[in-house]
Number of protein chains: 2
Amino acid sequence: MSSPLRLGIAGLGTVGAGVVKIISRKQELLAARAGRPIEVTAVSARSRDKDRGVDMSTYGWENDPVALARRDDVDVFVELMGGEDGPARNATEAALAAGKDVVTANKAMLAHHGQALAMAAEDAGRVIRFEAAVAGGIPVIKALTEGLAGNEITRVMGVMNGTCNYILTRMEAEGLGYNILFEEAGKLGYLEADPTLDVGGIDAAHKLALLASIAFGTKVDFDGVELEGIEQVTLEDIRHAADMGFRIKLLGVAQRSGRGLEQRMRPCLVPASSPLGQLEGGTNMVVIEGDQVGQVVLRGAGAGEGPTASAVLSDIMDIARGDRISTFGQPASGLVTPIRAQSAVAAPYYLRMELEDKPGALAKVATVLGDSGVSIDRMRQYGHESSSAPVLIVTHKAARNAVDAALEALPKTGVVLGTPVALRIEAV
Amino acid sequence: MSSPLRLGIAGLGTVGAGVVKIISRKQELLAARAGRPIEVTAVSARSRDKDRGVDMSTYGWENDPVALARRDDVDVFVELMGGEDGPARNATEAALAAGKDVVTANKAMLAHHGQALAMAAEDAGRVIRFEAAVAGGIPVIKALTEGLAGNEITRVMGVMNGTCNYILTRMEAEGLGYNILFEEAGKLGYLEADPTLDVGGIDAAHKLALLASIAFGTKVDFDGVELEGIEQVTLEDIRHAADMGFRIKLLGVAQRSGRGLEQRMRPCLVPASSPLGQLEGGTNMVVIEGDQVGQVVLRGAGAGEGPTASAVLSDIMDIARGDRISTFGQPASGLVTPIRAQSAVAAPYYLRMELEDKPGALAKVATVLGDSGVSIDRMRQYGHESSSAPVLIVTHKAARNAVDAALEALPKTGVVLGTPVALRIEAV
């Protein structure tokens with residue numbers, strides 16, 4: 001058997017402690033599968049004395065993760081601290097410069113600095129692996145980078161923030177409003193310290209940007225993601241969508257549009273009977289579409305100690321076996337800067353508006369939509385006792401800018417109360 | 001860029017021709033991802049002149065696949081002929097002996113000779129890859145071998161024969177009997193030349209045996225798979241199952257049972273609302289459960305030119321990148337012979353029997369079940385105009401041998417007409 005693979009693990013939160021536990025308890029199994037022993041040389045965290053449910057005293061200790069990253073007796077630097085800059089980035093750069101491979105779960109760091117780090121890794125002849133950064137335990141980076149490497153990817157999409165999906169499915173199941181469930185999620189510890197990372201869609205958008213880079217051979221372009229969180233999703237829209245056979249999901253979609261790349265992370269409607277529509281609670285799902293393979297759906301736990309540690313271990317095992325794949329599936333120097341094509345791909349839309357009960361009101365709405373280039377597929381007007389009534393419209397395929405033009409024009413008709421709602425219906 | 005990876009492809013049916021097409025049409029993309037060009041050196045098939053939709057004249061030709069496997073200008077032998085013995089096995093052995101890596105889609109060959117071939121590969125310092133042998137385009141071998149390598153696998157299951165799932169879902173949707181749909185599947189070209197490979201569950205059992213080997217570190221044990229096809233599944237049972245919230249699937253399950261390994265490929269009931277229950281038509285699904293990751297579900301096309309070629313390409317690309325993983329995820333010399341533990345894991349069962357309309361009939365049935373160690377969870381007796389009535393029983397968890405004992409005893413009560421049906425209800 002070959003020499004051990006020696007790890008330096010920085011960050012001993014839930015995931016870091018989970019990784020140490022697995023390595024210490026399954027030495028034989030991991031060695032058999034990797035062809036060599038996997039060993040923890042040293043660790044680093046903010047507090048040395050905290051009880052983490054596993055004995056850390058047999059490992060070396062570094063207060064400074066950068067010092068850990070540079071240790072001569074470390075082959076792989078495992079970065080589980082998080083944060084897009086600061087210690088995580090400094091230590092990752094130090095590790096690469098010192099000739100270490102890097103395994104990280106840090107989606108924010110890679111979404112912002114992925115290209116620079118991938119270049120640094122290549123210059124140093126090292127690899128960066130990040131299975132745990134996207135969709136927790138689901139081996140989606142591996143599926144996209146390796147398992148579907150013979151495909152031109154046509155679209156990749158996913159529900160990749162468990163907290164958002166938990167809130168949305170509970171809203172529908174319990175009939176509770178967003179604010180109540182947001183508070184509940186906070187109490188249950190489901191929210192990041194900065195909750196807009198979750199409910200604002202930022203965390204999921206980080207993941208989408210990483211998938212898009214691999215899928216389309218482009219530089220990670222987080223700023224190119226069209227971003228909208230779930231804060232504005234109402235119980236009313238969830239119910240109306242359900243009535244029409246849809247569910248509202250915070251769905252990330254990346255696809256080519258002509259020569260451009262469209263990346264969206266927005267609440268949208270999907271058929272309730274589709275795998276994405278049926279996804280309940282905190283579970284994650286990623287759908288990959290390739291020109292050869294058709295549609296592949298991957299589903300599993302998107303967070304938590306075990307699933308995330310499983311993904312980290314997968315990367316460690318690959319490195320132990322000698323796999324040397326490029327960070328984003330091909331040399332970083334060959335990745336191209338994507339041309340942003342926001343909402344260029346047409347889709348049907350769900351529109352909801354409150355209409356005054358006046359003769360000709362519907363006709364005015366229809367005229368505005370037609371003038372904007374949006375045609376109506378089906379419409380529902382609900383019974384009402386007040387002087388206004390909710391109207392739901394499902395459009396034929398329309399460009400987002402046509403829908404935006406209609407949204408701007410509708411209030412000017414004098415028959416639409418408040419702000420109309422428009423949600424994309426994604427064909428899944 | 002490194003030297004090209006040179007392929008010899010034996011078998012130019014749908015999949016073989018598909019692989020050649022992708023390689024000839026996507027040279028640039030594949031080279032970027034693999035870090036080196038992928039080239040076809042020579043091919044072999046039964047007929048040289050057949051039109052396969054792609055120009056084969058630029059490649060070398062061998063009438064004998066063994067000669068192809070031994071060519072000095074071939075690095076990887078791609079075996080797409082099929083058949084558990086004969087040319088496929090001879091050429092595979094010749095390729096390994098000549099120091100070539102092997103990529104194959106041949107589940108039958110590996111199910112029967114996987115251990116010997118894996119040993120031969122190791123002795124030669126070569127790899128055998130077979131992503132295309134299981135579940136078509138779904139990268140399930142990769143997920144299990146690499147993506148979840150940090151897990152102890154607790155159970156792996158799957159719907160892995162599209163034809164069977166097509167027949168079963170059509171039976172339910174159209175209310176047509178098995179025989180009609182079997183004939184239809186034949187006319188549509190969905191059946192193997194020997195249809196018992198499909199409807200007898202053999203093809204799916206081949207796949208299950210391969211997954212079990214990887215999951216549990218055991219030698220492939222196809223003969224240890226408890227096997228039952230879908231030929232005996234009736235429309236009546238499909239309807240009764242649906243009434244009670246279940247669907248009948250030809251589901252393969254491999255799991256540890258004490259120190260033994262249980263492998264089953266039998267029709268069984270799964271909740272209609274579960275991902276497996278919702279799987280329609282020819283699509284495949286594999287569910288992997290690990291101690292760390294929980295449940296991961298993979299879904300996609302299980303057959304066809306594009307999906308299967310996609311899987312073959314995935315293996316070729318891995319070899320091009322230098323990945324050298326063992327055939328079944330760890331050295332073949334370390335795989336243990338599994339202790340067969342057939343149907344050792346208890347489960348609830350669905351029982352259907354035709355009961356004579358006599359006083360005390362139900363009591364007799366209940367007594368027999370109780371005496372056999374099978375307790376009743378719920379029961380339905382249907383209205384009837386004849387002198388007998390169908391009775392459905394869902395049992396609490398019971399051992400298969402207890403159920404078998406009850407099945408043997410029931411006809412002796414004198415109140416049960418014909419042969420009772422028993423189908424396992426798998427918790428998914």
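Note that Cβ sites are derived from N, Cα and C of the backbone, with glycine treated the same way.
No curator has checked TrEMBL annotations; they are predicted automatically.
The feature NADP(+) binding site is assigned by TrEMBL to B:Ala10, B:Gly11, B:Leu12, B:Gly13, B:Thr14, B:Val15, B:Gly16, B:Ala17. Take the CB of B:Val15 (NADP(+) binding site) and look out to 10 A: across all protein chains shown you find 25 other CB atoms. In the three-state DSSP classification, B:Val15 (NADP(+) binding site) falls within a helix.
For B:Lys107, the entry in TrEMBL reads NADPH binding site. Note on B:Lys107 (NADPH binding site): other Cβ atoms within 10 Å of its Cβ, all shown chains, come to 27.
Just so you know, the Cβ of B:Glu192 (L-homoserine binding site) picks up 15 other Cβ atoms within 10 Å once every protein chain is counted. Summarising the annotation, TrEMBL assigns L-homoserine binding site to B:Glu192.
Annotation source TrEMBL lists active site, proton donor at B:Lys207. Within its own chain, B:Lys207 (active site, proton donor) has B:Lys107, B:Ala111, B:Ala133, B:Val134, B:Ala135, B:Gly158, B:Met160, B:Gly252 as residues 6 or more apart in sequence whose C-beta sits under 8 angstroms from its own.
For B:350-424, the entry in TrEMBL reads domain 'ACT'. Mean pLDDT for the domain 'ACT' (B:350-424) in the predicted structure: 92.
Counted within 10 Å of its Cβ, the other Cβ atoms near B:Gly16 (NADP(+) binding site) come to 26, all protein chains included. Around the Cβ of B:Thr14 (NADP(+) binding site), the same chain contributes B:Gly304, B:Glu305, B:Thr308, each under 8 angstroms and 6 or more positions distant in sequence.
When the Cα atoms are compared, B:Gly16 (NADP(+) binding site) and B:Glu192 (L-homoserine binding site) turn out to be 17 Å apart. Within 8 Å of the centroid defined by the CB atoms of B:Ala10, B:Gly11, B:Leu12, B:Gly13, B:Thr14, B:Val15, B:Gly16, B:Ala17, the record's NADP(+) site, lie the Cβ atoms of B:Ile9, B:Gly18, B:Val19, B:Ala45, B:Arg52, B:Leu80, B:Met81, excluding the listed residues themselves.
Its Cβ placed at the centre, B:Gly11 (NADP(+) binding site) has 26 other Cβ atoms within 10 Å.
Close to B:Ala10 (NADP(+) binding site) in the fold, though at least 6 residues off in sequence, lie B:Gly16, B:Val43, B:Ser44, B:Ala45, B:Pro65, B:Leu68, B:Ala69, B:Phe77, B:Val78, B:Glu79, B:Leu80, B:Met81, B:Pro87, B:Ala88, B:Ala91, each with a CB less than 8 Å from its CB. The two recorded residues, B:Glu192 (L-homoserine binding site) and B:Gly13 (NADP(+) binding site), show a Cα separation of 14 Å.
Other C-beta atoms found within 10 angstroms of the C-beta of B:Ala17 (NADP(+) binding site) number 23, with every protein chain shown included.
A count of other CB atoms within 10 A of each Cβ picks out B:Leu12 as the most crowded of the binding-site residues B:Leu12, B:Gly13.
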